[in-house]
2 protein chains.
Amino acid sequence: MGYTDLDQLAVNTIRVLAVDATSKANSGHPGAPMGMAPVAHVLFNKFMNFNPKNPEWANRDRFVLSNGHGCMLQYALLHLFGYAISLDDLKNFRQLDSITPGHPEAHDTPGIEVTTGPLGQGFANAVGLAMAQAHTGGVFNKPGFDLFNNYTYMFFGDGCAMEGIASEAASMAGHLKLGNLIAIYDDNHISIDGDTKCAFTEDVMKRFEAYGWHTEWVKDGDNDLAGIEAAIRKCQQVTDKPSVIKLTTTIGFGSKLAGTGGVHGNPLKADDAQGVKKLFGFNPEESFAVPQQVYDMYHKHAAEGAAKEQEWNQLFEKYQSEHKTEGADLARRLSGKLPEGWEKKLPVYKPTDAAVASRKLSEACLEAIHDVVPELVSGSADLTGSNNTRWKNAVDFQPPDLGIGEWAGRYIRYGVREHAMAAVMNGLAAYGTIIPAGGTFLNFVSYAAGALRLSALSRVRAIHIATHDSIGLGEDGPTHQPIETLAHFRALPNCMVWRPADGNETSAAYYSAITSKHTPTVMALTRQNLPQLELSSLESALKGGYVAVDTPNAAITIVSTGSEVSIAIEAATYLQEKHGVAARVVSIPCFEVFDAQTKEYRLQVLPDGIPVLSVEALCTMGWERYSHEQFGLNRFGASGPYKEVYAKFEFTPEGISKRALATIDFYKGHTVRSPINRAFQQIL
Amino acid sequence: MGYTDLDQLAVNTIRVLAVDATSKANSGHPGAPMGMAPVAHVLFNKFMNFNPKNPEWANRDRFVLSNGHGCMLQYALLHLFGYAISLDDLKNFRQLDSITPGHPEAHDTPGIEVTTGPLGQGFANAVGLAMAQAHTGGVFNKPGFDLFNNYTYMFFGDGCAMEGIASEAASMAGHLKLGNLIAIYDDNHISIDGDTKCAFTEDVMKRFEAYGWHTEWVKDGDNDLAGIEAAIRKCQQVTDKPSVIKLTTTIGFGSKLAGTGGVHGNPLKADDAQGVKKLFGFNPEESFAVPQQVYDMYHKHAAEGAAKEQEWNQLFEKYQSEHKTEGADLARRLSGKLPEGWEKKLPVYKPTDAAVASRKLSEACLEAIHDVVPELVSGSADLTGSNNTRWKNAVDFQPPDLGIGEWAGRYIRYGVREHAMAAVMNGLAAYGTIIPAGGTFLNFVSYAAGALRLSALSRVRAIHIATHDSIGLGEDGPTHQPIETLAHFRALPNCMVWRPADGNETSAAYYSAITSKHTPTVMALTRQNLPQLELSSLESALKGGYVAVDTPNAAITIVSTGSEVSIAIEAATYLQEKHGVAARVVSIPCFEVFDAQTKEYRLQVLPDGIPVLSVEALCTMGWERYSHEQFGLNRFGASGPYKEVYAKFEFTPEGISKRALATIDFYKGHTVRSPINRAFQQIL
């Protein structure tokens, strides 16, 4: 232990930097950094292994700031330890196009593991990172080769503690006995509305004990550096449980407003900021001052981290020669490459193949590729048998002593915890050795909206297997039938929504999801059987949209997705037979992928001169980009056998034909431009 | 106590009805009803006060089946006690247009208080119902007039217990010391993936103790009717805490598959169903058999309930004469009417009035109407100062012994629990004496998507005050800037999204939200100041859309909402001055309300012959219904001062003008039909 004035100076340097950056930005949250600087100092300087020159080192300790609004704490630390964040970057805190935005964003800022700020997300990300360590260690560690043994440290505050997503993740972590996960709870008694006694009076530590966590309490988190160190050491010694340290701190320590909500989300007033500097022995007239000896101390620790990475690299080299197969697999995963030729295993279907539900087609993909894509880790939020997410010989990811799985297991039992599942998947993906897939009903992906948004924003590859994707689920009724859900996730930037119509389209969805390294995928899949289409192929589906029925001199194009494509094809026949009207049919299983094709191609699919009718048994919103008229369900569904539900809402060849005829009629005598033609480009 | 064979016969009748209905439907969940029939019998027949002939009696005990998939339990009980659910209705379980859908829906089925099924929702609804009882009692009860003292009983299973929303709600309920809330946890060790040991090994009761709940355990929930009764009585005696009874049961009790996941979500096989009937002394060849003595017993209890309602009605009559003001207020609330003339209090603005942020305009509405609309209960998910949801002299809703509020308080501190907040609001609204309003950032309404969906489906009036509604929030950055959010909630059926552009539009939003008895509202409000518009008025805004700038011979119509309307107006001036182009501007603060206007009116607002450009600083999806071309943000935002963020993405008079000119150019020489003209009507 033996903490000196230098340690205190480092702590205060962090505090003052947070004051300066929020003051200069005239925006931001100084309170949490000022309160948590002591624990951050002890953790980063005494415990954490990392190399600022290579933030991607595979076995680095992970740090997650779940209370992401306190990000000046993290930015200050990253700067002081020598990550590629300059003092100018700190001065640009919260400014346009800086690498120090208002909340930490993983994709742009070196040393930020996951994107946090929306409360509770980082907590669940950290659980995912710790699961990833346990899994990756389980797969690759060998006697003498403890390649993956890093810790995941996470800070969270009262806000995170109140969020349901954190509760879900904490329960999971306790069940999974994640010994390398150490969380530090900033018990500062303040949230935005003031004293936590107004809304949050539960016994937080008792709750974590109920989840199966080890708990510690440091009563003077403002000053007791040795106590903090001792508590973290004790947590490290508990290897069969995640740990949480309740750290009682004073928010905004050093400010006149210390211990009040006033210092949470607003910069300090000028005189208060000066007072803080005086109190901590800094020149009140100077800003962004960093004593050289603080840099020196932190750079020394960073150099030790770099040396540890060197050792690890040597160990990994030896590993690669002694365990060739595993070594090659790991080296490949760390390089970000997929296994050569994996895609050849994806099932291919002929039109004469049997009709199959797309949830089963998805299962067939998992069955076919799980051997050749060993980084694929599947799971479900307690709907395994309905989501068809588990390949036959899958082993569960479980602590071995439970006797029902092992760390190397590749099937995660997420429990009924959709929101945590999605955020855990973000953590799994961020670790770097795993491609996570997780299932629930499409309707309940909405429970996870907050986490999916961050998948998209932080550009992680996470695959959401979303079955029971429409009124086609039938009897469970409107409480379970998605209506707005596809529009919601299609509206989310950098999120691919696939709704395959048959086997080849489902295989294409998997190809797209697995090869899109920086984009999450929602795969909307049916409960009911779907016939194999005549013109579908992996290649055409991978264009996001293609002509499924080509008819010369067509009077109308019907565009559709998933289960409605085959009904649209029947409608085309019906139109020809009953009305002598020629109709084309287009399948657009993925808007985002179709949008990325050349304009020339998109105009071939949706040509000028022919009016377009869209058909999808969910809300019509979003279809206007690809059609002139829209047939969908802008109301809630109904409980009943699914064919009757389809008939009630007229998703039948006849119902589609009626609207196709109305569309043809409406555009008669008008110049029809393809909806692909637009007046100007969108900002992307 | 003294349970007899008749009690056992009643229990088994419920079990057999659940078997028969799921068998006939060939769909549904027999397991939970068979396991929970004993506690349901004891609770409904020994404890609950209700009158099946008047399911709306204000002081009835409330029952919520949070594990809503077990709804045959509830339907069977409602039938047996004499609610307007016939044996034929049970035979129509899960059939199209029946009143016995796959999960319980409040709006169509007598005796169903709230719509459940999506796990965890009912749990939080029940907390809301119990809060409503405490509040309504706090407001109206007087010495000798204990008008509101009903209990709220709620069943939940492992699935609900795992959901974060239930954790949030349980923490709230513990903080609020809701003594009249009694929950029964179906501890059957089974979820869909099989034994709960695979994902859910926490100590549930210890967790509830940590939240501040009283706990009981009945070890033989299958048979121990007396034990169940004793546990409920003990819970009733604990008046300063909510209570939970862990009831260890066997899922599918009586079936060959009892105690396994096989009986959770599938009807019993024919021989198994027959075996159950034999075991319970029923004729295995007969279906939907109800012994008359079971009807008799239950009808007797129902008659006692009816008598209690009579007593209550007499008490209420006396109350009305002794406490005239409160009596009249309560009678009015129960009639569903709003106070006469309340709307005259809504603020009205002149164009010369100062620019104000719409979150502040919303605060002004609350300030103006809270006195005249006493059923309005506001609150925030720990963002009170940012959401501006609290009127100046508001009193917090708190247990009085905390010393920081009282039961009659009309401001709820929801804590950082957005999902529970929305579901609690559904419960508050369902009680019948409250109009709930609750605030968070628009971006975090997404956390509550699951609950909002049920607000819309179950047709409750809940007002979501959603501030910081775009990139206009500035520095907090893309983690907090909604993009897809408005499209998401606009796509949700029966949900009104208001995005007012100024003071009069904000007042209109309040008028619309408060008078829409069967529709929830999301009010998207700015952080930044907005000028008062020249042509806005309560009347025009209440049409959902209106002409904000009328210009003769306009070459383009610019439609917009909220903070972008005034920029669009500046763009119209810019177009005239710099390009000699005449532009109209239309404000559409609420799509749903605009859609409800006559086609004639809508065509006046968006006439044929003039191309329409939409402008909104969120994703463009959904705007195609009102415009030919769309200017929006189909990517994530940026962290920085908000004016710089707006400039970056070209939401400026110049940026809008550029696109307006491109739009005019694109439609030159083409017949332009208003987007209001469609080829066919949507199914609604």
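Using the three backbone atoms N, Cα and C, a Cβ is placed for every residue, glycine included.
As the structure is a computational prediction, the values presented were derived from the model and not from experiment.
According to TrEMBL, the site 'Important for catalytic activity' annotation covers A:H29 (among others). Reduced to three states, the DSSP call for A:H29 (site 'Important for catalytic activity') is coil.
Remark: A:S386 (substrate binding site) has A:R359, A:F441, A:T467, A:H468, A:R527 as non-local neighbours, by Cβ distance under 8 Å and separation of at least 6 in sequence. Marked as substrate binding site by TrEMBL: A:H29, A:H264, A:R359, A:S386, A:H468, A:D476, A:H480, A:R527.
Packing around A:P118 (thiamine diphosphate binding site) is summarised by its Cβ count: 29 other Cβ atoms lie within 10 angstroms of its Cβ, all protein chains included. The thiamine diphosphate binding site annotation in TrEMBL covers A:H69, A:G117, A:P118, A:L119, A:G159, A:N188, A:H264, A:F444.
Secondary structure at A:I190 (Mg(2+) binding site), taken from DSSP and collapsed to helix, strand or coil, is strand. Of all Cβ atoms in the shown protein chains, 26 besides its own fall within 10 Å of the Cβ of A:I190 (Mg(2+) binding site). Residues or ranges marked as Mg(2+) binding site by TrEMBL: A:D158, A:N188, A:I190.
Marked as site 'Important for catalytic activity' by TrEMBL: A:H264 (among others). Under DSSP, A:H264 (substrate binding site) is assigned to coil, being neither helix nor strand in the three-state scheme.
Marked as domain 'Transketolase-like pyrimidine-binding' by TrEMBL: A:356-532.
The active site, proton donor annotation in TrEMBL covers A:E418. Summarising the environment of A:E418 (active site, proton donor), the number of other Cβ atoms within 10 Å of its Cβ, over all protein chains shown, is 34.
A:D158 (Mg(2+) binding site) counts 24 other C-beta atoms within 10 Å of its own C-beta, drawing on all protein chains shown.
Between the CA atoms of A:H69 (thiamine diphosphate binding site) and A:H29 (site 'Important for catalytic activity') there is a gap of 6 Å. Listed in sequence order, the recorded positions near A:D158 (Mg(2+) binding site) (C-alpha within 10 Å of its C-alpha) are A:N188, out of A:H29, A:G117, A:N188, A:F444. Among the binding-site residues A:P118, A:I190, A:F444, the ones whose Cα sits within 10 Å of the Cα of A:E418 (active site, proton donor) are A:F444. Listed binding-site residues (A:G159, A:R359, A:S386) with a CB under 8 Å from any chain B CB: A:G159, A:S386. In this structure, A:R359 (substrate binding site) is part of a helix by DSSP. For A:G159 (thiamine diphosphate binding site) paired with A:H264 (substrate binding site), the C-alpha to C-alpha distance reads 12 Å. Neighbour list (A:N188 (thiamine diphosphate binding site), Cβ cut-off 8 Å, at least 6 residues apart, same chain): A:G31, A:A32, A:G35, A:G157, A:D158, A:T248, A:T249, A:T250, A:I251, A:G259. Straight-line distance linking the Cα atoms of A:H480 (substrate binding site) and A:F444 (thiamine diphosphate binding site), rounded to a whole number, equals 8 Å.
Same-chain residues that are not part of A:D158, A:N188, A:I190 yet have a Cβ within 8 Å of the Cβ center of the Mg(2+) site turn out to be A:G157, A:D186, A:D187, A:H189, A:S191, A:T196, A:I251, A:H264. Note on proximity: of the recorded positions A:H29, A:I190, A:H264, A:D476, the one nearest A:G117 (thiamine diphosphate binding site) is A:H29, by Cα distance.
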